[in-house]
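**Student:** According to Swiss-Prot, the protein carries these features:
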type	residues	note
DOMAIN	160-284	domain 'Ig-like C2-type 2'
DOMAIN	301-422	domain 'Ig-like C2-type 3'
DOMAIN	429-554	domain 'Ig-like C2-type 4'
MOD_RES	S516	phosphoserine
TRANSMEM	578-598	transmembrane segment
Amino acid sequence: MGVPSPTPLSSLLLLLLILGTRCYARQVHVPRGPLYRVAGTAVSISCNVSDYEGPAQQDFEWFMYRPEAPATSLGIVSTKDSQFSYAVFGPRVASGDLQVQRLKGDSVVLKIARLQAQDSGFYECYTPSTDTQYLGNYSAKVELRVLPDELQVSAAPPGPRGRQAATSPSRLTVHEGQELALGCLAQTKTKKHTHLSVSFGRAIPEAPVGRATLQEVVGLRSDMAVEAGAPYAERLASGELRLSKEGTDRYRMVVGGAQAGDSGTYHCTAAEWIQDPDGSWVQVAEKRAVLAHVDVQTLSSQLAVTVGPGERRIGPGEPLELLCNVSGALPPPGRHAAYSVGWEMAPAGAPGPGRLVAQLDTEGIGSLGPGYEDRHIAMEKVASRTYRLRLEAARPADAGTYRCLAKAYVRGSGTRLREAASARSRPLPVHVREEGVVLEAVAWLAGGTVYRGETASLLCNISVRGGPPGLRLAASWWVERPEEGELSSGPAQLVGGVGQDGVAELGVRPGGGPVSVELVGPRSHRLRLHGLGPEDEGIYHCAPSAWVQHADYSWYQAGSARSGPVTVYPYTHAVDTLFVPLLVGTGVALVTGASVLATITCCFMKRMRKR
């Protein structure tokens, strides 16, 4: 009998049996090519194997095929044979310029530390078989093309159209608050389509340059996105830090409002990027150039203030002029910096800088300090950095030590001003002669005794010794009332007075009744309290003062005094003391009579009910 022919079902079962006993087919993988890299840079080409039999650690061998001999393989390096390299690659393998690095058992990477033009060609990754059957592929090739280094980076000279960089890095001195502007020229002539990224960085003064010491300030990424280093992110967001591209190859960084921490050596780093066949962008070249050594001079180290013309001795009513000079290597006031200047005065022997007399703010607007609003005082800028304070008529109270205070401001983002420095001058003594006015006052209660409801008249006689012609007197009346339950009196309250200009001023009378104050003689004043009441009881005194008027029509107090105490006690009239018992007796009699009448009426009504 003949052998039966296989049926389709049996053939299918046989095929499944064969596939079930053998499911391995070795695959070697390398990146898709061609890969474009730049001479002088490093490259890493990965290789891994899958679907293999045998040990987990596989061996790898790398070969190269040069364009001029595409059929000739040149052994580069192997994971199992240290003598594998051909003579042309031996020195580079020995120096580490060419090496294979194992990532894991079935994956390695070929590393070339510094590409050369003759490294262009096909690279083959081969894996010796450890399989029971020869299935799949045991090698894979990728093309590497080495491009010449066409990347150029240099410092851009000042001016928007500059092209030639200086032979050595410049040294720039920038004042705090000013703009720091640096330019960088970066271009490539590579024939392939590439992108450039440009980054501005700063290294602290005298620090070696490297990735560890170079702090990125701001950079333009390969996708044209602008990003800042972490310490500068806020300044970029506020617009204080800017980066722009001008033309095809010029990049400009502007740091507004330079700070002390901005000092250092600035570099420009340009990187060239190319897109691999797998769609990823890879950096293929990088170069760095020193732009400038920048020194930011802080305003606090430069600001200085001097005053003149020296110690002053003047008489009352004379003008007082003081000059203040602000010096130092300072930026002019304007878009980046502003200044304010003021004068302070402290009485002789008083601690601290004193109180403000007058000042010019950052806008040049003048203002007077507390207590000087009614004075004829001028504060003005008489030269570029010279300021003058003028008091039209000095007073003895103006004597003391004067200091000039200057403040420097820098403008941050927008129009916001930030105080950066301040300086005070040395003290300048000013002496103003006293007028020599001596006042004495004697006050008394006319009549000696006053009763409730009457008018109390208090008189005050003033005597004057010394003083200039035209001296005028003023007098005011004050009362200290005894506080309830206290032995001592409360604070003095103004009752009334007459000023040096003859105008009466009325205060608050304790009893609330009418008050009159008047000048009854050249140096005699009178206070009258009408309708005296018990609330007017207290201790009164007269307080005269001497006033001098200067040519600028301002008044100043040249002297003062205080009289002795005058006790005002409103007595009660004798008839009033008799009238009180009468009222009390009448009241008691009425109450007693009413009580008796009520008792009799009550008893009578009870008897009527019983009947």
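Quick reminder: no glycine exception, Cβ is built from N, Cα and C everywhere.
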**Student:** Please list residues from the chain of S516 (phosphoserine) whose Cβ is under 8 angstroms from its Cβ, counting only those at least six apart in sequence.
**Tutor:** G496, L527, R528, H530
**Student:** Roughly where does the domain 'Ig-like C2-type 3' (301-422) sit in mean pLDDT, to the nearest integer?
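**Tutor:** Across the residues of the domain 'Ig-like C2-type 3' (301-422) the model's pLDDT averages 90 on the 0 to 100 scale.
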**Student:** Determine how many residues of the domain 'Ig-like C2-type 4' (429-554) DSSP places in helix, in strand and in coil.
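**Tutor:** Final tally across the stretch: 3 helix, 69 strand, 54 coil.
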